[in-house]
Amino acid sequence: MCRGFEKEEERRSDNGGCQRLCTESHKAPVSCELCGENATVYCEADAAFLCRKCDRWVHSANFLARRHLRRVICTTCRKLTRRCLVGDNFNVVLPEIRMIARIEEHSSDHKIPFVFL
């Protein structure tokens with residue numbers, strides 16, 4: 001997973017200053033599977049990399065397609081970020097899964113956060 005979202009927020013709050021978002025090398029862009037432009041999202045349900053224009057076209061087709069969760073691709077390292085799109089333009093950031101264990105005398109509680117979509 002990419003740390004791009006947090007770094008992007010820091011960059012935007014820094015008057016739009018230009019800095020590297022990821023420490024990994026810049027890879028070749030992934031192409032949109034419909035038009036060949038640079039892909040910006042990956043739809044797991046369709047198993048397709050799509051540019052923003054094609055993503056809007058494909059996922060506005062019907063109510064089932066609007067439910068698809070699409071992962072945003074980092075512009076620097078080309079990996080999938082935690083930032084997702086649902087529906088037309090609804091942004092969601094997936095939380096990191098962390099396990100917190102609290103051990104008491106005779107029991108332990110395990111808490112794992114999750115997201116309903």
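Glycine is no exception: its Cβ is also placed from the backbone N, Cα and C atoms.
Feature annotation (Swiss-Prot): of 48-52, 113-117, the stretch labelled motif 'PFVFL' is 113-117. Across the zinc finger (27-73), DSSP assigns 12 helix, 13 strand, 22 coil. Annotation for C54 (Zn(2+) binding site): spatial neighbours C32, L34, C35, E37, criterion Cβ-Cβ under 8 Å with sequence separation of six or more. Around H59 (Zn(2+) binding site), the same-chain residues six or more apart in sequence whose CB sits under 8 Å from its CB are C43, A65, R66, H68, R70, G87, D88, listed in sequence order. C35 (Zn(2+) binding site) counts 13 other C-beta atoms within 10 Å of its own C-beta, drawing on all protein chains shown.
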